[in-house]
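First comes the structure, then the notes that go with it.
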Amino acid sequence: MGPLGRAWLIAAIFAWALLSARRGLAEEAEASPSPPPSPCPTETESSAGTTGATPPTPNSPDATPEDSTPGATTPVGTPEPPSVSEHDPPVTNSTPPPAPPEDGRPGGAGNASRDGRPSGGGRPRPPRPSKAPPKERKWMLCEREAVAASYAEPLYVHCGVADNATGGARLELWFQRVGRFRSTRGDDEAVRNPFPRAPPVLLFVAQNGSIAYRSAELGDNYIFPSPADPRNLPLTVRSLTAATEGVYTWRRDMGTKSQRKVVTVTTHRAPAVSVEPQPALEGAGYAAVCRAAEYYPPRSTRLHWFRNGYPVEARHARDVFTVDDSGLFSRTSVLTLEDATPTAHPPNLRCDVSWFQSANMERRFYAAGTPAVYRPPELRVYFEGGEAVCEARCVPEGRVSLRWTVRDGIAPSRTEQTGVCAERPGLVNLRGVRLLSTTDGPVDYTCTATGYPAPLPEFSATATYDASPGLIGSPVLVSVVAVACGLGAVGLLLVAASCLRRKARVIQPGLTRARALGSAP
């Protein structure tokens, strides 16, 4: 068979396959009827009603779950949703029965509708769900139902009645302090909250255009609306604090019907973070104090220390929490590091504070500082020329001064700079002088180097000078006696030397004569 013959054979086989596939699809469509068409909007609305039900009035109030109490009654004109079985279609009196076919024959499996689909005898029509009744209008509208404001700031939330049913109604404003958001990511303060959860408290009642009740204990915290205009009901808080944050509920009672409107109010304040590095002595370690002051809400801060950018273990820090009378919390963290050497450079100490304003909002604050390291001064006290002298070596210039402490009180003194410290550039040497006391007996002279920052200790040196009359009459007498004693000692030495010389002269001739006699034959 040539190439042309093979091409005709392939085309014939392909055409036969297409015809077979189309025939199979047609048979399958005839055996499986399509689902019934969806009902038109007119049928859905009519089938949703119940027998004898009346449509809702246009001005009926909306009784939604958030605006009505659980015990609130349903308005008379509101239709109830019909009870629809899961397997049976809804039966209503408002939908007419289906008309018989035009040819008078009952519908069967072989009878098709106008669009070609079976009109009966096939699959049963699934039940159509009934339409929910229309919602009532809300009786009260507020511009915001969840409000968050800064701490101690005034708050105003505009609310107003949306319907006309205000005459003769009793309006009440309730307040409840509740346990607000507490982040589990923050550190526990372990202190008592002065404003814990409390039961609801009635703040204000208005009826028939006059004030029926006003809380004497809490009323000064609010500005209540005027009873002459029951349609305008704003919520005004003079200062939003831990004592006034919570849930506020407007409630309207009209006979057996009770409606409510809830507004949730919360407050917050970010901490004021500061770091104060503590002065240190060479080789004594480092310390710093971090403060996160006056923050709210509780358990909303987390604190970490860093040394030269690296985290510091929590065991090196000690935290203390406090709460004031207004409900604001504060924390103080003291960091102590002992691994220091005399020649080490002071580190950079950083305090990071994470503050959780709400469940989904986190802000971070940090402060850092470097401790100042001081060298202990070298102090020495001695007495010279009727004066007490104090020498202080290697002290900060312009900051440190010398103070004398003596039993007889204050006496004239002077302090002067004698040079620079050779061992530590930038430090100087001081010399303080004070007259000796006129008090008889032993007297202690204490010299103190003042001006070092807290919490460094005071550096001092003490020496005792005995001015008893039995020993010396005065400082001048001491000098005279010393000179006399010296001269007396010199005189004694001269006398002794003269005596020895004379004795040597007397003995010398006798020895010469004896030697001469001994040498004669």
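Each position is counted from 1, following the chain as shown.
Backbone N, Cα and C define each Cβ position, glycine as well.
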Inset, instruction - Tell me, from CYS351, CYS421, CYS447, which cysteine Swiss-Prot puts in a disulphide with CYS390. - result: CYS447
Legend entry - Record-annotated N-linked glycosylation site (source Swiss-Prot) among candidates ASN93, ASN164: ASN164
Legend entry - CYS351: disulphide-bonded cysteine as recorded in Swiss-Prot, out of CYS290, CYS394: CYS290
Legend entry - As recorded in Swiss-Prot, which of CYS394, CYS485 forms the disulphide with CYS421: CYS394
Inset, instruction - Provide the three-state secondary structure of CYS394 (disulfide bond) computed with DSSP. - result: strand
Inset, instruction - Find the one among the disulfide-bonded residues CYS159, CYS351, CYS421 whose C-alpha lies closest to that of CYS390 (disulfide bond). - result: CYS421
Inset, instruction - Pop the Cα-Cα gap between CYS421 (disulfide bond) and CYS159 (disulfide bond) into the table, whole Å please. - result: 76
Legend entry - Nearest-integer angstrom distance between the alpha carbons (Cα) of ASN208 (N-linked glycosylation site) and CYS142 (disulfide bond): 22
Inset, instruction - Could you tell me which of these disulfide-bonded residues, CYS159, CYS390, CYS421, CYS447, has the fewest other Cβ atoms within 10 Å of its Cβ? - result: CYS421
Inset, instruction - Filter the disulfide-bonded residues CYS142, CYS290, CYS351, CYS394, CYS421 down to the ones within 10 angstroms of CYS447 (disulfide bond), Cα to Cα, kept in sequence order. - result: none
Legend entry - DSSP three-state assignment for ASN208 (N-linked glycosylation site): coil
